Amino acid sequence: MQWRALVLGLLLLRLGLHGALWLVFGLGPSMGFYQRFPLSFGFPRLTGPGGPAPGPAEPPGGPAGPAWRRPGPGAAGRAPRRRPGVCGPAHWGAVLGGRGGGPDEYERRYSGAFPPQLRARMRDLARGMFVFGYDNYMAHAFPQDELNPIDCGGRGPDRGDPSNLNINDVLGNYSLTLVDALDTLAIMGNASEFQKAVKLVINTVSFDKDSTVQVFEATIRVLGSLLSAHRIITDAKQPFGDMTIKDYDNELLHMAHDLAVRLLPAFENTKTGIPYPRVNLKTGVPPDSNNETCTAGAGSLLVEFGMLSRLLGDSTFEWVARRAVKALWSLRSSGTGLLGNVVNIQTGHWVGKQSGLGAGLDSFYEYLLKSYILFGEKEDLDMFNAAYHSIQSYLRRGREACNEGEGDPPLYVNVDMFSGRLMNTWMDSLQAFFPGLQVLIGDVEDAICLHAFYYAIWKRYGALPERYNWQLQAPDVFFYPLRPELVESTYLLYQATKNPFYLHVGMDILQSLEKYTKVKCGYATLHHVIDKSKEDRMESFFLSETCKYLYLLFDEENPVHKAGTRYMFTTEGHVVSVDRHLREAPWKEFFPEEPGRAAGSLHRPAAPDLRALNSSSNCNRVPDERRYSLPLKSVYMRQIDQMVGLI
């Protein structure tokens, strides 16, 4: 009996030691399954490289092949709740044919805490990355739109080739990179440079230009940044330091209004209410304008246009943007609830029937949720809930749990919007935003698993290829233009879990960017993620998003993270303070539904008396009743309303 007592004593001692370490390192029960640390406490583990094969006579996905290729089960085919899993990058590395030592490699690397000194060093490296890019833009490119970091020059619209939409859709000859970077300066606490940059924008930037730009890009990069910076300047609390501008008279809000008025012709003379994709800032819609537009481009204007309307007290901008969203929503498949990616704005016919989470659709879903968070309109939440239900029913493939059951780990694929059948076997890098969106709605478990897939690809190439074929386990499109989506999801997952694994992910990304993309005068697009050849372009979102999210990931004390401050990020990464002021639409008192406006005609508003509304949120919402109980949903709804002071 003595040996039994001894064994029992040792067992209790071990459990006590594990419990102490559990508390010390913060690996609570809500996070034990997020990534695989040595302290696994009996959670099931995935089989990595070198582990037992699925079966001697069957391929990894079973007799029918990978589960990703099988048709989605539809709404009725889903289990009501997925159980927590351990779907870390070690497993995805195995699925993708990764090399290395398997799970133990990740355990050795990520099991330790992330020391404060290392975090501070990474924060400073992220800040230095931004400063290097920004200073070189100001020295070599301003007032042009973008920096050519290899030859140390600037670029604007391609006047010689109007068909060069890759350039002309984005560059409008309005100092794009400076405008896009304004709120990053504030978030990093650089008050003097922020004030200097704002004055430069006010004194030098004009939208009275013969430039044909994409409505979507001008809205998210320029209009959104102007509104974000305006709110920072006029915030009575000044959480980022003294960012006020002496004698500031709402100039940025005036500029935002001027730009939005120049974009309004895109919404005129369209039979569906869905806007034209491009406008000339001086003359309106070009005579030869394309009648086809992507769902994300036409349906992701509501956050910026809605903010502008509520700051001005003029419903025009929110009304046209909301009308476009409703028009697209009305065209979704009656069978699957899915939308396509390209639509004819005159006929409402779907030209592109692919439904997925990447290019052409990504920010449409994002802005359904964020519009609700910002404005509190229930119809936005209802649309998002229905869209998310369809996504889970038809786009999500693989087994229910991340690490349990038969078949492959979960993955979101591209399908036909009407049948739900698989259309191709690739994903694009823009889809990496989706784990971050899932964090905002509380679906953290699925976000963790999906994020691990994208990070496994990053680990293989030191970047995310623009398009990756998950069947061939190789890139289809090889370039990487310094996109922020994986960084954004990493940042939001860290905020949700506080798991140091995501700090290590951020460090990996920082080091890869420094190693592979840094050049003489900035950071360059990777032309080829395998041979690391470069293109001479640094897009504005590198400073407005990629550097910002990396900095915030490591800056634990940033005002964005402080209790009592509530912020949301636009699809371009511009910080927006959220409060009840933006949930007030004064025109509703007089025009509850505004039924009298025709789809094809708009009035152009005169500039009203501009009075800034000061406000300042991160919000969570669980949308899916199939997987979350009603009481839990009510808790999340109540948290949102408490944040904006409604209850």
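Here the Cβ of each residue, glycine as well, is placed from N, Cα and C on the backbone.
Remember, TrEMBL labels are computer predictions, not curated facts.
What TrEMBL annotates here:
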- 48-83: region 'Disordered' (REGION)
- 51-63: compositional bias 'Pro residues' (COMPBIAS)
- 65-78: compositional bias 'Low complexity' (COMPBIAS)
- Glu217: active site, proton donor (ACT_SITE)
- Asp362: active site (ACT_SITE)
- Glu466: active site, proton donor (ACT_SITE)
- Glu485: active site (ACT_SITE)
- Thr571: Ca(2+) binding site (BINDING)
Those residues of the chain, 6+ apart, with a Cβ under 8 Å from that of the residue listed as 'Ca(2+) binding site': Ile220, Ser300, Val303, Ser363, Glu366, Tyr367, Lys370
Among Asp362, Glu466, Glu485, which are recorded as active-site residues, the nearest neighbour of Glu217 (active site, proton donor) by Cα: Asp362
Cβ neighbour count (within 10 Å, all chains shown) around Glu217 (active site, proton donor): 20
For the active-site residues Asp362, Glu466, the one whose C-beta sees the most other C-beta atoms within 10 angstroms: Asp362
For Glu485 (active site): intrachain residues, at least 6 apart, with Cβ closer than 8 Å: Ser429, Leu430, Gln431, Ala432, Phe433, Gly436, Leu464
Integer Å distance between the CA atoms belonging to Asp362 (active site) and Glu466 (active site, proton donor): 14
